[in-house]
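*Asks:* Sharing the features that TrEMBL gives for it:
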TRANSMEM  7-24  transmembrane segment
TRANSMEM  30-48  transmembrane segment
TRANSMEM  60-84  transmembrane segment
COILED    128-155  coiled coil
TRANSMEM  162-185  transmembrane segment
TRANSMEM  220-240  transmembrane segment
TRANSMEM  246-277  transmembrane segment
TRANSMEM  284-303  transmembrane segment
TRANSMEM  315-348  transmembrane segment
Amino acid sequence: MEGRRIVLYIALFLAASYFFFVGLVLAEPFLVPLLTALVLALLMLPIANRLERWGWSKILATSVSTLTLLIVTLGFITLLIVQIKQFADDWDMMQSKLEDKFEEISEWLVNETPIEKEQLDRVTPKEISEANGAAQEYQEEAAREEEDEEAEEMGEQAVSALGAFMSFSVDFLITFVYVFFLIHFRGRFKEFLLRLFPLKRRQKVKEVIYQSSFVSRNYLAGRILLGIILTILYSIGLYISGMENAILISMLAAALSIIPFIGNVIGYGIAIAVSLLTNGDTSALLIITATFLIAQFIDSYILQPIILGDKLNVHPFFIILSVVLGNAVWGVMGMVLSIPLFAIVAVICRHVPELNPFGYLFSNVDIQEPETQKNPG
């Protein structure tokens, strides 16, 4: 009987988990802007509080905080778009250099290994280019015969691109509307949460609310500052190495550093791959390697202890799991939101006696077991 009950509980848990995550996926258009706004509002809350202490009205302090965040975000997006456009403009040149690089590798393999030139010709860019050229001629001939259909497809693609841009713009604007209201009515939301619990537990709830906002806000602000510093360090090293689009690659590598251990390796791999596609000489690869080693040493042993310290208190293993799960549920935005949201979950687990085992599991340091859960004697 006991075994059946355990099996039933496991089945119910798995079913509930399945429908929970399916619901998260389906609710993405609603939840992602709202949760993004929640995290951004927590980030800007100290600025709004400081302005109000200086005598500013609540509406003015909220408006200035939201507009400041909007201007900074638009500036970052503009910089990113400029870098991506520059990367796209250089793509043809990168392809040409890639073919030259393959030719050099092919010559080395033929001269230094038993591989014969005829074997390499099957996979070299030249053969691929010839095959692509033949395919392109066929496609051009077919396109000339079906110009009307192609024009119709281009129109559909243009409409689709316009729709995607409009959808992004609406989500972007609605997110900042949410930010404004979350900051302006933060007192009402806090009071609502307190009224969900009896009076004797409200002090504990206040502590959970404070620590949740403190952890997520300070971690996010610290990661942004670290990202800016890493971008500068990477940009200097990659620029010295002669890499094209050094700023874009540096921004990408700095963004990936949010994922413990794995992110730094991926960022380094991307930088090496781009260098091989463009320049790729030995000195450039050595400079890139030295840049990442020095930057990671400074980040791990100097910057993180000073800027982040132990503010997050979440085990790296569960940080990686939360990022992977966030990507599976909501893609890139899920990866961005996963860590601060999981940090809030960890804080709640550490303060709720029934969830204390999970709080202990998620934490990076040992936490005290509640008196009510300790074994007698």
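Note that Cβ sites are derived from N, Cα and C of the backbone, with glycine treated the same way.
These numbers come from a predicted model, not from an experiment.
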*Asks:* By Cβ distance under 8 Å, which residues at least 6 away from the ends of the transmembrane segment (315-348) in the same chain are close to it?
*Replies:* 21, 24-25, 28, 31-32, 35-36, 39, 42, 208, 211-212, 215-216, 219-220, 258-262, 355, 359, 361-364
*Asks:* Which one, 220-240, 246-277, 284-303, has the most C-beta pairs under 8 Å toward the transmembrane segment (60-84)?
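*Replies:* Per the Cβ count, the answer is 246-277.
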*Asks:* Go through the chain and flag residues at least 6 beyond the ends of the transmembrane segment (162-185) whose CB is under 8 A from any CB in it; none is fine as an answer.
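*Replies:* Same-chain contacts beyond the ends: 29, 32-34, 36-38, 40-41, 44-45, 48, 58-59, 62-63, 65-66, 69-70.
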*Asks:* Let me check one thing: do the transmembrane segment (284-303) and the transmembrane segment (7-24) come into contact, meaning three or more Cβ pairs under 8 Å with sequence separation of at least 6?
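*Replies:* Since fewer than 3 Cβ pairs under 8 Å link them, the transmembrane segment (284-303) and the transmembrane segment (7-24) do not come into contact.
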*Asks:* Near the transmembrane segment (246-277), which same-chain residues lie under 8 Å Cβ to Cβ, leaving out any that are not at least 6 residues past its ends?
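*Replies:* For the transmembrane segment (246-277), the nonlocal Cβ contacts are 79-80, 83-84, 86-87, 94, 97-98, 101, 223, 226-228, 230-232, 234-235, 238-239, 284-285, 288-289, 292, 296, 299, 316, 319-320, 323, 335-336, 339.
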*Asks:* How does the model score the coiled coil (128-155) in terms of mean pLDDT?
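*Replies:* Within the coiled coil (128-155), the model's average pLDDT equals 57.
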